[in-house]
Amino acid sequence: MCAARLAAAAAQSVYAFSARPLTGGEPVSLGSLRGKILLIENVASLUGTTVRDYTQMNELQRRLGPRGLVVLGFPCNQFGHQENAKNEEILNSLKYVRPGGGFEPNFMLFEKCEVNGAGAHPLFAFLREALPAPSDDATALMTDPKLITWSPVCRNDVAWNFEKFLVGPDGVPLRRYSRRFQTIDIEPDIEALLSQGPSCA
């Protein structure tokens, strides 16, 4: 069993994990976000839904961030090589290419990582184990096997860019959404969690 899967198996919540910010510096412990509602997405700057999903991620962070939502983006190049920029190039790609028009993410972006296979970031190994399939499409799979570039291949693999994981204020993953489920449409689920008040976690 690889290190990522061992870490995932031992974890009880996302608070066991950390990730390095896209702009560099010390890793951010997700434990520092205890009590917040987290929306975690694997992102890519050259995907057909980049404009839609990035702008909707910004919108949710803008509207619901003051009430306790934290949006986290993890660039990944495993799906059609649609995040082939270097870490230091991604923000400029977003600003000038897609979405373009001076776009700047107002949510936390982390360094590029893998979400599937032996090299998967331990956070995503944990999320996939906790939520094996998207709630809106339990049969979601990679649509073109020729594009699978990782090993081993598992039934709970992330199928494409912009899969979403909603995590409660106790750090426990609650719901997974497919790439086809629009980010903005998660708002009612987030609102339901926010209305429950602060967690004792």
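Indices start at 1 and increase along the chain as displayed.
From the backbone N, Cα and C atoms, a Cβ is placed for every residue, glycine too.
Annotation comment: Swiss-Prot describes Ser32 (among others) as phosphoserine. Ser32 (phosphoserine) is surrounded by 10 other CB atoms, counting those within 10 A of its CB over all protein chains shown.
All protein chains considered, the CB of Unk47 (site 'Subject to oxidation and hydroselenide loss to dehydroalanine') has 20 other CB atoms within 10 Å. Per Swiss-Prot, site 'Subject to oxidation and hydroselenide loss to dehydroalanine' is recorded for Unk47.
Summarising the annotation, Swiss-Prot assigns active site to Unk47.
According to DSSP, Lys86 (N6-acetyllysine) is assigned to coil rather than to any helix or strand. What Swiss-Prot lists as N6-acetyllysine is Lys86 (among others).
Cβ neighbours of Lys86 (N6-acetyllysine) (same chain, under 8 Å, six or more residues apart in sequence): none. Positions annotated as N6-succinyllysine by Swiss-Prot, on the basis of similarity to another entry: Lys86 (among others).
Taking Cβ-Cβ distances under 8 Å and a sequence gap of 6 or more within the same chain, the neighbours of Lys112 (N6-succinyllysine) are Phe74, Pro75, Cys76, Asn77, Glu83, Asn87, Ile90. Lys112 (N6-succinyllysine) falls outside any helix or strand according to DSSP and counts as coil. The feature N6-succinyllysine is assigned by Swiss-Prot to Lys112 (among others), with similarity to another entry given as support.
Per Swiss-Prot, the feature N6-acetyllysine maps to Lys112 (among others); the stated evidence is similarity to another entry.
For Lys146 (N6-succinyllysine), no same-chain residue 6+ apart in sequence has a C-beta under 8 angstroms from its C-beta. Swiss-Prot lists Lys146 (among others) with the feature N6-succinyllysine.
If you look up Swiss-Prot, you'll see Lys146 (among others) marked as N6-acetyllysine, on the strength of similarity to another entry.
According to Swiss-Prot, the phosphoserine annotation covers Ser195 (among others), on the basis of similarity to another entry. Long-range C-beta contacts of Ser195 (phosphoserine), restricted to its own chain and to partners at least six residues apart, with a cutoff below 8 Å, are absent.
The phosphoserine annotation in Swiss-Prot covers Ser199 (among others) and rests on similarity to another entry.
DSSP assigns Ser195 (phosphoserine) to coil in the three-state reduction, placing it in neither a helix nor a strand.
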